[in-house]
Structures are given as C-alpha cells and as structure tokens.
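Asks: Annotations per TrEMBL:
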- 79-105: transmembrane segment (TRANSMEM)
- 117-134: transmembrane segment (TRANSMEM)
- 146-163: transmembrane segment (TRANSMEM)
- 225-353: domain 'Palmitoyltransferase DHHC' (DOMAIN)
- 271-294: transmembrane segment (TRANSMEM)
- 314-338: transmembrane segment (TRANSMEM)
Amino acid sequence: LCCCEYVDRRGQRNHLAACCCDCEELDDGCDRWLTCKSLAPGTLERIADTIADRLRVPWFSGAVKINVSLVPPLVLLPVFLHVAALHFLLGLIILTSLPVVVLWYYYLTHRRKERTLFFLSLGLFSLGYMYYVFLREVVPRGHVEYSQVVALTCGLILMLAALSRAKKDPGYLPIPTDEKPSHQGLPNKSVRGLHGISGAASSRAVNGEAKGYCRMPAEQPEGVKKDWCTKCQLVRPARAGHCRLCGRCVRRLDHHCVWINSCVGEHNHQAFILALSFFMLTSVYGITLTLHTICRGRTPFVALFYCPGAYSDYSSALSFTCVWYCAIVTAGMGYILLIQLLNISYNVTEREARLALRDNTGRRLLGGLVIDTGQYNRGLLCNWGHFLSLGSSPPQRSAEDIV
C-alpha cells in the first residue's frame, strides 16, 4: 500500500481520492429523503460506519483510520471557550452546558457498552490548550516568575508520565487456550505418568494453585472463594472481575475509567492515583497563578467568584473563562480522587462497593461516600500497605510443592 491507500472494512483496496465515490448507503438515504420516503432500518448506522471507515490520513504503510471520537474535542473546545469569553452570560451558559453534555455522552456510551476515545482526547487536549493559554495570555503580563512556569511544566510532565503508566496493562488475566498436548509416540508408562501429573495439575488449577491467574494470594481471607468467568472461560482469583467494555478479566478490578479508556486494576491502580494527584496539584497551582495575575489583590477563592476586571479586555476574559473551565474539571477529578482515597483506606474497590450495594451487604460510611464491605478491611495502615504493594510478584512455590 502507498501512503494514500487502505483496505476498507469490506477487505477491498481503496484510495483516499475516492473517499466520496461508491456511497450506496448515502445515495439511497438522500434519494429517500428527497422523495419523502422513510429510511430503511439500519441505514443511518451503515452511513456512519462508512464515513468512519473512510476518515483517514496518509501514512507510510497506508492511510491510517482516524477515530471519530477524537475530533469533537479538538474542534469544539476552543470554539466554545472563545465564544464564552465574549460575554459573561455566554460564559455562564456554555460552562453550565458543557458538563451536562459530557455526562450525557458518558451515560450514552456506558449504556451501549462502547469504548470511546472522546474523554481521553478531551482530557489531553484540555491540558494542552490550557497550558497554551497560560503561556500565551498570562505569562506575558509579567506577574508570573520563571521558576513558577518551570514548576507548572514539571507538574504537567509528571502527570503525563503517570498517565502513560496508567494506560498500560491493568492486570489482564491470560486467556487459556483449548489446545491439548499430543501423547502419540510415548510409552504407556510415560502416558500414565503424564496423565497423572496433568490430572493433579488440573485439580490444583480448580483449587487455584496451578496457574498465576488461579492462585489465591496469601493475604486473602480463607472464606473468600474464586469464581468461574463464563465469557473468558477461566477461574478468576479473589477480587478479580470481568470488564464488559474491554471484554477481559482483570486482577483486582476497580472500575473501567473512561478518562484513560482502560480498566483500573492491580497493575495500574497506583499510577492512576498518582496521575490524579499530580493533576490536582498542577491544576490548582495553575488556577492560582492565573487568578493572581488577572485579579490582583484578591485571594484565589474570592477572585474566582468576584473579579471586576476580568472582562475588561478579551485576553483577561479568555483567561478567566479557562480558569472556570479548569475549576469545573478539577472539582470533578477531585471528587473521583476523594472516593478513591476513601476506598483505599477501607480496602474496597468500586466494583466491590457496587456489588455490595446491589446485594445489600455493605455499610454506608461518611455520608455514603464509601461502602465498607468488611471483607478485606484490616485497618488504615494495613489497607494502605496492601495498596502500596499491589502488582508485586507473588511468592514462588518450590518444585516439590507444585508437583
């Protein structure tokens, strides 16, 4: 394939120059619309699939497909923020409607069990655009020192590094294969011995001792049992769960986070908390520096609600609008971080809390902010020690114990 060619969803070789050719679904839909006829069932879905398949950019090994969910944040966010900076009422309407639209899209995709890059694209582009506005509109005013810009940049880099680590494997359980070893050509005694060992191994697999994904950690309570996942066809260890969006079982599954488009499990939970913490510190620090610049002589909290000179010029209005946008996002992420810290303190995951509420087996604490199941809670220090040791390799068994 050349840089402008690609293989479409039907397996046919196409060129980017012919992206508007042979659109049977779109032509049929336009004909029905012009003749006032109703569309056939599934026409809109087929048109959307065709457009998504042909939305590509040239690349060395062939045209690369662009995820449609990446485009809206890149286009709409700057437009909305610039329009909101024109007047106070416009800013109030747009900044109030944005969270509502984001929540609506979240519940829409969550109900359809769809994975989307919209939230990850929105988060990363928001960080980049807020940093650009800070360097373009706030720093030239001369009230921000060079060391403060370096501190803000370092916080942003650390947050992105932690986010990159959180995007890696959350602890997916390996999917077992159905292949059976062949015993042809082996002596009968060897076959019997091999069957005996494999039978013992399979019995231990049922008890959770043969494979890594079937082994119960030593710190798990004795009354906790492992369960069988009918979708992944494996025995899940304690606290593991199946993610319906990823289609995989994850060790110590906490939840599927749409902001990183991945699950939060045993291997990336620490990085997820670290990314949230760096984001909170960096965002609050950037908001403080901006408010000190455009609202001189006022504390950041007072300036956030009362800043008379904010709309005196467009630069100050845009900076103030971005501050309010950051404040809304920071408040939402702060709530997520608070819930996570409380769950860690009681050694409970989001999945376990949700199941406990469904089965009415947990206690609501701190006004319902945390659900204590009492199953793994061993005190504050022990719970945090258990969290900080997540992802460490389990102790190896001796060969005699395994055989």
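Just so it is clear, glycine is given a Cβ too, placed from its N, Cα and C backbone atoms.
Just so you know, TrEMBL annotations never went through curation; they're auto-generated.
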Asks: Summarise the model confidence on the domain 'Palmitoyltransferase DHHC' (225-353) as a single mean pLDDT, whole number.
Replies: 91
Asks: Which residues of the chain, 6 or more past the ends of the transmembrane segment (117-134), have a CB below 8 A from one of its CBs?
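Replies: That would be 67, 69-70, 72-74, 77-78, 81, 102, 105-106, 109, 152-153, 156, 159-160, 258-261, 286, 289-290, 318-319, 322, 325-326, 329.
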Asks: Check for me, if you would, whether the transmembrane segment (314-338) reaches the transmembrane segment (146-163) - at least 3 Cβ pairs under 8 Å, residues 6 or more apart in sequence.
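Replies: In this chain the transmembrane segment (314-338) does not contact the transmembrane segment (146-163) - fewer than 3 Cβ pairs sit under 8 Å.
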Asks: Quickly jot the same-chain residues contacting the transmembrane segment (146-163) by Cβ under 8 Å, restricted to those at least six beyond its ends, or write none.
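Replies: Result: 127, 131, 134-135, 139, 260, 271-272, 274-275, 278-279, 281-282, 285-286, 289.
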